[in-house]
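K.L.:
Copying in the features that TrEMBL gives for the protein in this structure:
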DOMAIN    A:54-229  domain 'tRNA(Ile)-lysidine/2-thiocytidine synthase N-terminal'
BINDING   A:GLY57, A:ALA58, A:SER59, A:ASP63, A:VAL89, A:GLY167, A:ASP172  ATP binding site
DOMAIN    A:284-312  domain 'Cytoplasmic tRNA 2-thiolation protein 1 C-terminal'
Amino acid sequence: MAPKSCALCQNSKAILRRPKTGQHICKHCFFTVFETEVHNTITQAHLFKPGDRVAIGASGGKDSTVLAYVMKTLNDRYQYGLNLFLLSVDEGITGYRDDSLETVKRNQEQYDMPLKIVSYEELYGWTMDRVVSAIGKKNNCTFCGVFRRQALDRGASGLGVDQIVTGHNADDIAETVLMNIMRGDIGRLGRCTAICTQGEDRIRRSKPFKYAYEKEIVMYAYFKKLEYCSIECIYFPDAYRCLARAFLKDLEAARPSAIIDIIHSGEAFELKEEVRATQKSQHSCKGCGYMSSDVLCMACFLLEGLERGMPTAAITDKGRRELEARWSTRTT
Amino acid sequence: MMAEFCGNPAVEAGEVLMPRKRKFDRSRICVKCKINPGNLVIRHSVYCKGCFTPLIFTKFHQALEPYINHVSVGPRRGALKPSGALLIGFSGGLGSSVLLDLVYQRYCANVGSDNLKGGREHPRKNKVWQKIYVCYVEVSDIFPETSDRTAQIREAIARYDGFELIPVRIQDAFDRTWWERVSGGAAPDLAGLPFDLGGGDSEPVAALQTHIRALPTPTAILSTLSTLTRLLLLYTAYSVSASHIVLGTSLTSLSISLISSISQGGGFVVPQAIQEEWFPQFVQRTIGDTSWNGEVRLVRPLRDVGMKECTAWVWWHQLLVVGKQRIPVPKQTIGDLTKNFIIGLERDYPSTVSTIAKTVGKLAPRGDSRVRCVLCELPTQQFVQRWKSRTSIRSFTDDASSMDTATSSLPHYLCYSCHTTLTSKSARSTATLNLHSSNSAPALNLPMWAATRLALELGSEQSVGPGAPANEIWETKKLDDGGMKSLVGEFLLENE
């Protein structure tokens, strides 16, 4: 059978089947469409302005490594005028972060970007290994996610940046939409497809890879010969998100456009007005000043629970009320 | 005797045995009457057989009766006065069978009897529905591997006095005779349209088979059949002056279909997946007019009743369930995957099914839309093609800004879901459809309602010019220099 020509340029030989569209295309066209789609995402959403200081959340994994490369490429090609930094978080998970932090340090040299590393140990006094030994393997993603979010904000604040960009890809966003529907988390459902989020006292964050398929990010890294660490968190298999991810992979196998279709669905709906009115308003945490819809932010609740030997109390509303009462007693 | 240690060296002794999860919250006594021992556990609550039946009736009429009157009379319940007849969409499945029985028990059995309880406005005192139809859509002509079940359906419905069966065949969607009968008008002339809407198939079965062969995935086939069935029910309801359609979608089926719809890009129309108000495209409605003009309200009265409760109802009331027709598709569809996933999740995370339905019930479409998709007749968002071309580049020559305004191309008239259904391929798809150009191969046959709407839209454009409103008359003439100067003359300085 004669080799197929690239469906886009019609000139070169097609060497890959694009996961998102199923088209048979050449390497050069793949780079072009991948980068152009990210550029479209950035320009359509007006993510940056010239002179912005932007921190790239870097874990050493494929998403953030490719993100750093693509941001640098597009910044040079389209003259965004950005000052780029790498920002990494050490969660204190033995065997998980050691190699990936080395990768981030190599990225710093390769892309010539300043690097800052913040750790859970120095910010909170707890590593994830210690947290998991206290709470077991359920709900640990809640702790890690909350702690990481604040850690990134605090690290970015230390760098004096205007915005954080993270490597959240289309697969992440699609599984978040499904997860929030299945768990009834309407607060997050209303925000999870937003490309850019910002609240009071919080640094703006955006997701340039919002429409980029995970498989295409891997393919891009492969063809560009980019170095990254491919290690899954050892606590991940027990997570609820893992179930949603497995379902999403099945959907993608049945119809590859399912991932982008779910994102489109998530963008197409919003909370009913009467439901929005019942959502809690945001104000500052009394513990650390971070943005919160409660007296204490979630990180402070989780830490309070850990310190008092009630590690999972903060997961429930009743537990949080009890912790708040104890915290109030302690601080008055 | 319980073992103390399972022998697994990785597990410490004493931590092996997992406490047995309780199936119910309190005791084995019925939570409603608190007298009888329970017979069934519904989401951790125990019910006896005697309390189960009124519970299901309550859920049924609370989900249906607020929507019976054309205009709501407010929180105080008044007389139930529907504008037209009732049509029950019947598939032969579990939910449909339970629905049929509930409708009969509530609105037909013992009507007019003075011996039963209930106030003056109770449905049993006066007949609510003047006529009740049951509509069944048969698909066996399209799939030779399946058998015609119309006779079995007729037998199942014959048990209920006063229900009239309307059998419809799925290929009627492509039948000009059927269309002329339900729409009351002539079928459209498709000649001269800028793209091919027919491959020369005038026979409905062949036309539908051509349409199905052109679909790229098994998911698209099931999605298309579901859309055709829904529109056939709606148009049939309109043709018999039915103001309401009820479907037997249980809570479990509803949750599965919501996730499945979201996975196929149907987020904009999720509220319609729960309840829908529809009118045919050829009916003109005036804003502010509250009278009934043939609109059909599609309600799902079993949306709070789970699959387990439906099964219990069938068992205790000894109903005959024909079973739902299984469509033979080669591979797993998004619908199948979603069903397996949701039912599996329910085992480890109970209340997932009810949580999904409740969560989606709190959502509304983002933005307004007065335009409907020609294929599914559901509201469609603007700039769908532009969004698609920006997020998935398929060509270096397509102009994104012109895609949404290219009125001579079919995608302009489709919603996101329908466009995806017709074009989104899997790795093994062989069918290809190019919707953006005319003379495409293979040809795409469209159902009669879609072809009629396109003929109206495009026919009126061709006679008066693209972008022009259909009923106005436009005259154009070129302005010369003298004409233009006369318009701006008063602003010109003397030396111009």
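Even glycines carry a Cβ here, placed using N, Cα and C.
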K.L.:
For A:GLY57 (ATP binding site), name the DSSP secondary structure in the helix/strand/coil scheme.
P.N.:
strand
K.L.:
According to DSSP, does A:ASP63 (ATP binding site) sit in a helix, a strand, or coil?
P.N.:
helix
K.L.:
Please find, for A:GLY57, A:ALA58, A:SER59, A:ASP63, A:VAL89, A:GLY167, A:ASP172 as listed binding ATP, the greatest distance between any two Cα atoms, in Å.
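P.N.:
Per the listed residues, the maximum Cα distance equals 19 Å.
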K.L.:
For the binding-site residues A:ASP63, A:ASP172, which one has its C-beta crowded by the most other C-beta atoms within 10 angstroms?
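P.N.:
In terms of Cβ crowding, the pick is A:ASP63.
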K.L.:
Cβ neighbours within 10 Å, counted over all protein chains: which one of the binding-site residues A:ALA58, A:VAL89 has the most?
P.N.:
A:ALA58
K.L.:
Under 8 Å between C-beta atoms and at least six apart in sequence, can you list the same-chain neighbours of A:GLY57 (ATP binding site), or say none if there are none?
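P.N.:
Result: A:SER64, A:LEU87, A:SER88, A:VAL89, A:LEU152, A:ILE164, A:VAL165, A:THR166, A:GLY167.
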K.L.:
Let me check the 10 A CB neighbour count of A:SER59 (ATP binding site). How many other CB atoms are there?
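P.N.:
The Cβ of A:SER59 (ATP binding site) has 24 Cβ neighbours within 10 Å.
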K.L.:
Count the other Cβ atoms sitting within 10 Å of the Cβ of A:GLY167 (ATP binding site), across every protein chain shown.
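P.N.:
Around the Cβ of A:GLY167 (ATP binding site), 24 other Cβ atoms lie within 10 Å.
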